Number of protein chains: 2
Amino acid sequence: MMRTHYCGDLNKTHIGETVTVCGWAHRRRDHGGVIFIDLRDREGIAQIVIDPDTKETFATAESIRNEFVLKVICKVRSRPEGTVNLNIPTGEVELLASAIEILNPSLTPPFMLDDDSISEMIRLEYRFMDLRRPMMQNNLRLRYRVAKVLRDFLDENGFMEIETPMLTRSTPEGARDYLVPSRIHAGEFFALPQSPQLFKQLLMVSGFDRYFQITKCFRDEDLRADRQPEFTQVDIETSFMNEEDIMAMVEKMIREMYKKVASIDLPTRFQRMTYLEAMYKYGSDKPDMRVTLEITELTDVMKDVDFKVFSSAATMKGGRVVALRVPNGSAITRSEIDAYTEFVKIYGAKGLAYIKINDVNELNETGLQSPIVKNIHVNALKAIIEKTGAANGDIIFFGADKEKVVNEALGALRLKVGHEKNHVDGRLWAPLWVVDFPMFEHDEETDRWVAIHHPFTAPKEGHEDLLVTDPGKCLSKAYDMVINGWEVGGGSIRIHEEKVQSKVFDALKISKEEAKEKFGFLLDALQYGAPPHGGLAFGLDRLVTLLAGAESIRDVIAFPKTQRAQCLLTKAPNAVDEKQLRELHIRLRTPQPTT
Amino acid sequence: MMRTHYCGDLNKTHIGETVTVCGWAHRRRDHGGVIFIDLRDREGIAQIVIDPDTKETFATAESIRNEFVLKVICKVRSRPEGTVNLNIPTGEVELLASAIEILNPSLTPPFMLDDDSISEMIRLEYRFMDLRRPMMQNNLRLRYRVAKVLRDFLDENGFMEIETPMLTRSTPEGARDYLVPSRIHAGEFFALPQSPQLFKQLLMVSGFDRYFQITKCFRDEDLRADRQPEFTQVDIETSFMNEEDIMAMVEKMIREMYKKVASIDLPTRFQRMTYLEAMYKYGSDKPDMRVTLEITELTDVMKDVDFKVFSSAATMKGGRVVALRVPNGSAITRSEIDAYTEFVKIYGAKGLAYIKINDVNELNETGLQSPIVKNIHVNALKAIIEKTGAANGDIIFFGADKEKVVNEALGALRLKVGHEKNHVDGRLWAPLWVVDFPMFEHDEETDRWVAIHHPFTAPKEGHEDLLVTDPGKCLSKAYDMVINGWEVGGGSIRIHEEKVQSKVFDALKISKEEAKEKFGFLLDALQYGAPPHGGLAFGLDRLVTLLAGAESIRDVIAFPKTQRAQCLLTKAPNAVDEKQLRELHIRLRTPQPTT
């Protein structure tokens, strides 16, 4: 071993020892004829002192620049009085060099490691430098600890990690597949898995009883801030457990993980909420429960008011009118309201009506300061005040549109105003289970029911007949874990009976032939002794981003893609040789000049 | 939880307890008016007894067929005298059922789980049934334990698992890449990684110091028996360690793994052998050291014999003549020799000359029984006897051809004869390091040097100049771990200096432009403070196959591909929608009828 110690591990207990350390010259200072080098390795920084008496060593030290790779033999000693630095673990000692070897020099780095203003483009292009920064070192170490602690928990609970294929079958629904042309089978393609869903269900049919896998999944979607073409899932499936058993077990897993990697105590029982309540009160199926603001339903109240924006939303099919009361919000300025109005437009809202409450007892334009008050009759005004519980000094914002627009716009506004105006309950961590999801949502465009989770989700006890009679009312045995407004995990009890699976395909208007073509092996498997089973999957990238307090999931991934799905470091994707395409039996639609 | 115990965990200590078990009806027997069901779960089999007195339960039990999924409430009791079965852990108890619930019936299984004669095609098509078989359950459990023990060892030794991308850049050399067309970047492609090689080197440049990853790699090659399009690598890389440090550490890891998962004691220091010795004495760079037979070099001896097959091989460029002495082999029959002759032809040999030794002191056709003896002069015959150490009753086989053909043919014959004729040393496990590999081998076709490992392998100390002056003589810092003739792992110290890397590219006739285009980011990284580093990768599939004593790596993979790279279960690869191809900017060369 070239080194005897990591730099960051040295402290008073090593005083007097001769040690060998290896690392990067983080900074060099010349001070009073002496050279100081902060030597950095993954465990921290130690101060090397090079005395001018050691001529050769000193000459070497003089040639050292930032990021040179060094091996230093040195003696650990106390720092002189007045130079002790208690901010770093090694701050009580310094290392007097007796020999320095430059293992590799470095060009001048493209940026300073402690410069936080570097654009993400540059950081991704020089990722091998960016990853030297303490933030990235800490994030990836945290990511590893999270995965390790989850693996250990699952191992202790009898789960086995089993690898499922990366080259699998394309089943075009849900997100777009990444395809891989087959060389041996002309005209055919593999798909990269969107999740191991079908394989993990087959493993249950095979009797493995408790499966997990930490694995890559792929979705060729238009990328949003927190999406990557490839992402990592902590995938879990068990047999002979119901939803309560599963939720209790993974809740314990997440609690232990938070405790072990970050010394955070999550509540001993996570809050539960139905999907319906979440949508009604928070406009979202993943509400951030730290925010204390709530949405109030006003659809019935607004059916007959003169203000057409409200009354037409309240009376149209699938319309909704709601209020968001912000206590003490009447201090919110005109320009802030304008900014909030622009903000809700992102979600499709056409505007943002509001009322500032001057006096709850004066139901007119004096007591209720707003352009819309004159067009709302007094009974409706009374109902607004009563239902929202508004008090003098509050502001009430309104949403009125199709349900989806209202929920997204007011749900987002709730978070924005809540965090900006400090309507939060002070908790750092607010975990939550959302349950009782509908099985299906109606797709207007195709006039079809589509699965909210996936078509293998089991209906809630007693809801099986609704699959046929009223699919929209049918609830599922699905559950999502939400932390601070992020959906970190989700799953369900799966259908284990072929006859129920067929009913779901019927409700989704998937024909017998289509089902057989796409999922024939699963339908087969359900007929050969499939046990009751269920599970869930956590998004590892999100779990770690949340724990790290990172701004983007790209900051917890070693080599991420940009939002344009490119790797700036390796310049992937790239053009390939014509010969490769020929072997794969494909050609480009618009041939490019060959490289 | 539906169950209180696993079937396989029940024993005498549970007698008198009421338990609930869940599992599959492995077998039903009706005997003396009583029904017996062997209930199977992943931990084993327990015998359920259904008494005719329990009318309802008995009626249910009568309808149960093989592979039905059951939940049974029952009381554990001793088996009656004479029915105890000490072959299974649960064999001293039986479970008297008080209630049976059929959780799911099953169609008649496509094959009996204990029928070992089922074709692999059927097994793969019904993989969810095949995986219920104890062999497959055990193999996948073993695979999980191996991975877990390796992960724990690496964790304890300061290694961090870091995920590298699956969607990366195509660099067409070595094996063929699997390509993934980009939707966003028309005409461009990602490649699935053949290994995380470049990324792990970048992680060393980033200062992570000790990295590992258990991850999928992909090679689109024509499949041999033990190749899969996707395979799993235990990938390891460290900084500031030399080859001795690395070999010692991973040797310890493999030793601990064998001990922990299989209670096998591997030797405390693995044997070492140079590449040259391995090729000369065993005709292979991965010799099975359990076989005691050795190859004897005779090229010099045969230059001037009349037997043209020998003399021309001995005098041509790149030719080789060798002997394989088999002690007491003269009992090998003519028809066996004919079979061996056919066998070596697989490897390109044109025939198989031999001499049976009747009397070592009689160097003529009486003492040496063979059609070729008359064409070999007496000095050469003498040399054959002396160099091979042949004794009366032995047989000597010969190989004479191009070196590659001789090595492959006689290397394979050595194993075949050694195992068939019991020339083995009795060890169950013979681990070995092969070291001092050449950097390059010469490709006749293109008249170029090609890298034996990969172009990032560092030359041996003092061999740097040979990169320029005599590439064929240049040895590398590469090492392979071989167990029982299987290459289970391989790696090297990498080049950390840009100037050495450039020399290697020069030797490989890779131009500066080409190198920059393909590996620019690595060359950059080497200039910004790359530490000395190295590592290796183990093939998890092979490690487990060897430990499991399985016939094929397909038996240690849950959902493998066939040798035609197909998944018989999901029918992947498959044709895809024209719409998908359009979105990916590609079309088929020979359009298929759309599905």
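Glycine too: its Cβ is placed from the backbone N, Cα and C atoms.
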To which of A:GLU277, A:GLU487, A:GLU497 does TrEMBL also attribute binding of ATP at the site defined by A:ARG219, A:ASP220, A:GLU221, A:GLN228, A:GLY539, A:LEU540, A:ASP541, A:ARG542?
-> A:GLU487
Which of these ranges is annotated region 'Aspartate' in TrEMBL: A:197-200, A:253-256, A:377-380?
-> A:197-200
State the residues, same chain only, that lie 6 or more residues beyond the ends of the region 'Aspartate' (A:197-200) and have a CB under 8 A from a CB inside it; answer 'none' if no residue qualifies.
-> 164-165, 168, 211, 213, 235, 237, 454, 456, 519, 521-522, 535
Please name which of the recorded positions listed here, A:HIS31, A:GLY82, A:ARG494, is nearest in space to A:LEU540 (ATP binding site), Cα against Cα.
-> A:ARG494
Binding-site residues (A:ARG219, A:ARG494, A:ARG542), the one with most neighbouring Cβ atoms at 10 Å | A:ARG494
In whole Å, how far is A:HIS453 (L-aspartate binding site) from A:GLU487 (ATP binding site) when you measure between their Cα atoms?
-> 13
Return the member of A:GLU221, A:ARG494, A:ARG542 nearest to A:HIS31 (site 'Important for tRNA non-discrimination') in space, with distance defined Cα to Cα and candidates limited to these binding-site residues.
-> A:ARG542
Do me a favour and check the Cα-Cα span between A:HIS453 (L-aspartate binding site) and A:GLU221 (ATP binding site); whole Å is fine.
-> 17
Max pairwise CA distance, angstrom, over record-listed ATP binders A:ARG219, A:ASP220, A:GLU221, A:GLN228, A:GLU487, A:GLY539, A:LEU540, A:ASP541, A:ARG542 | 20
A:GLU221 (ATP binding site) has how many other Cβ neighbours within 10 Å of its own Cβ?
-> 15
Just counting, how many other CB atoms are there within 10 A of the CB of A:GLU487 (ATP binding site)?
-> 17
In three-state DSSP terms, the structure that A:GLU487 (ATP binding site) belongs to = strand
DSSP three-state call for A:HIS31 (site 'Important for tRNA non-discrimination'): helix, strand or coil?
-> strand
A:ARG494 (L-aspartate binding site): secondary structure state under DSSP, collapsed to three categories = strand
